[in-house]
Amino acid sequence: MLEFRSFLITAALWAGATAQLKKEYDYIVCGGGTAGLAVANRLSADPKNSVLVVEAGINGTTAYWNYHSLPQKYANGRIQDLPAGKTVGGSSQINGRVYSRPDRRSIDDWGNVNNAGWSWEKLFPFYKASEGLQPPTKQQQRDLENKYNPDYHGTAGPVNITYPAVGVPDYFRLLEETAKAFSIPRIRDFNGGDARGLSTYPGFFVINAQREQRRESSREAYYLPIVGRTNLELIDETMCQRIDWEKSSDGGDLKAHGVEISNVDNKTVIHARKEVILSAGVYRTPGILEYSGIGNPKILKSHKIDTKVDLPGVGENLQDQAQGNIFFNKNSNASITFPDTVGEEIITNYLIHATYEDILGNEAASMQQRVNASLGDYATTISNRINNSLSSDQILNSLQVQYDAIFNTPVPVVEIFSGQAVNNNVVNMEFWPLIPLSRGSCHIAGANADLAAEAPFIDVNWFMLEWDWEIYIAAGRFVRKLFATQPLANLTTEETQPGYKNLALDASDDEWKDYWSDNFRAGWHGIGTAAMLPRKWGGVVDGNLKVYGTSNVRVCDASAVPFNMGGHPTSTMYALAERAAHLILTGEKG
């Protein structure tokens, strides 16, 4: 691979720079998104550290990468939209604004795979450090039936979150009483690490006097308040193409010399005195590694890229959830009224997190036996699907961790999300399994390092494994059971989507598969393409988030998350970035 060292332009002429672009910085952050801005903020808090953030999108917009999956083999050939933020603030500018942490045991599993520095207890302070909760007023607590626990939250962090200005407490009480029929408890607050149950959640927004909710992204939280720091610079509309390596003859770990960047007019290499941090997202970070010569040698060779580090896990281990919606007509005689919303206002901020036993009931034990007996076959299926980039034994190690979390711990495996009422006449309930076992991949599409021109090949493989279908179908049936159970049954009349004409009440599993293959939606919670796993398992980064085979390249985004988890990922991305900065600045081992 060509060693690119020439500076093609003078620094002062670079378009999109917030200040005169220098030839070198202590830290270069590739990606000014959710995690990238957070880690840049913390690194630049020390005026001795110079930090450059390189962002492909335009500052001040809500633009996104319009990615698409490949046709999905196990879902009727469906192509799924996979939007990802392409702006300063990244996907925190376009997400659903839900602040919901995972169950503690999901984070503990990061440490249980030889990343001893990671656990819920070690990450919990960084959740709080990022958070600037505006506590609900007494009126909000009454209106929302809110019982939040202040011990679980930070109030001095940069990310403003709060609870909706209004709620529908009578609706929440119906959900609470109905959930009791299934032995699902009401809990005070999801965010303390024990997530099973029904509760309310805060969101990434602030509220003005007109009840308007303004989105709080990482741009508002981590960048705009410090935009005047002279040791922090941001370039937008600029791509990180590849890492430029120092020449070495000792056979040791690679050291990044800098990063090759480009925009529509120019290309240059910026030198990194200390570290390069990849925060380009689950679909971009693996591409930067591959264009830099880190990845599966077979894939790199097919694009005529010289292999610098043989790391076949790059771009593998992609996991995402699958979402479904069920709609019901509201009973006109029901006394509950859903208030009109203002803009994109959230009012029904209610979630149920349920374990496999909650969802499957009497069928839970037989399901556990089937999945346990199938793990080896699952691993072989995944390995064959990804052309044996990882062996079935490597994959089985990861599947075993998730199996233990699902069945032996057990962690919540399904989220049921109360959607907004539509025109006060329709009630919507969303559902999605939280821990699918299927694995996909994300790889570069060609040898051209202009990533803006060539979208990656993204193959999520939704529903490749039978567990994923079985828990998805069980979750959908469970939603129907909820709305057929008193007192919630009094709120609605007929189901309108799917509706019994499209999916009968006694529909078979195959009929459920056929309908939802055409009607599910991507969860948009992709993780894992540069996974923090042991190298022998196909991992890409170690417990310090450092890329194996390199001395000064780290990954700080959802790519590093090894396993799908409950909750919504944004809060965890902020905590991950806060801890990544801590590891870098203190030298503590992760």
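Here the Cβ of each residue, glycine as well, is placed from N, Cα and C on the backbone.
Here's what TrEMBL has on this protein:
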- 1-19: signal peptide (SIGNAL)
- 85-108: domain 'Glucose-methanol-choline oxidoreductase N-terminal' (DOMAIN)
- Asn95, Gly96, Arg97, Val98, Trp524, His525: FAD binding site (BINDING)
- His525: active site, proton donor (ACT_SITE)
- His568: active site, proton acceptor (ACT_SITE)
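Same-chain residues that are not part of Asn95, Gly96, Arg97, Val98, Trp524, His525 yet have a Cβ within 8 Å of the Cβ center of the FAD site turn out to be His568, Pro569, Thr570. The secondary structure of His568 (active site, proton acceptor), as reduced to three states from DSSP, is coil rather than helix or strand.
Taking all protein chains in view, 21 other C-beta atoms sit within 10 angstroms of the C-beta of Arg97 (FAD binding site). For Trp524 (FAD binding site), applying a Cβ distance below 8 Å and a minimum sequence separation of six or more within one chain yields Leu82, Pro83, Asn95, Asp320. Counted over all residue pairs in Asn95, Gly96, Arg97, Val98, Trp524, His525, the record's binders of FAD, the longest Cα to Cα distance measures 13 angstrom.
Cβ neighbour count for Gly96 (FAD binding site): 15 (other Cβ atoms within 10 Å of its Cβ, all protein chains included). Cα separation, Gly96 (FAD binding site) to His568 (active site, proton acceptor), rounded: 9 Å. In this structure, the C-alpha atom of His525 (FAD binding site) lies 8 angstrom from that of the residue listed as 'active site, proton acceptor'.
Of all the Cβ atoms in the protein chains shown, 20 others lie within 10 Å of the Cβ of Val98 (FAD binding site). All protein chains shown were included, and the count of other CB atoms within 10 Å of the CB of the residue listed as 'active site, proton acceptor' stands at 25. DSSP labels the residues of the domain 'Glucose-methanol-choline oxidoreductase N-terminal' (85-108) in these numbers: 9 helix, 2 strand, 13 coil. Val98 (FAD binding site) and the residue listed as 'active site, proton acceptor' are 6 Å apart (CA-CA, integer value). Around the Cβ of His525 (FAD binding site), the number of neighbouring Cβ atoms within 10 Å comes to 23.
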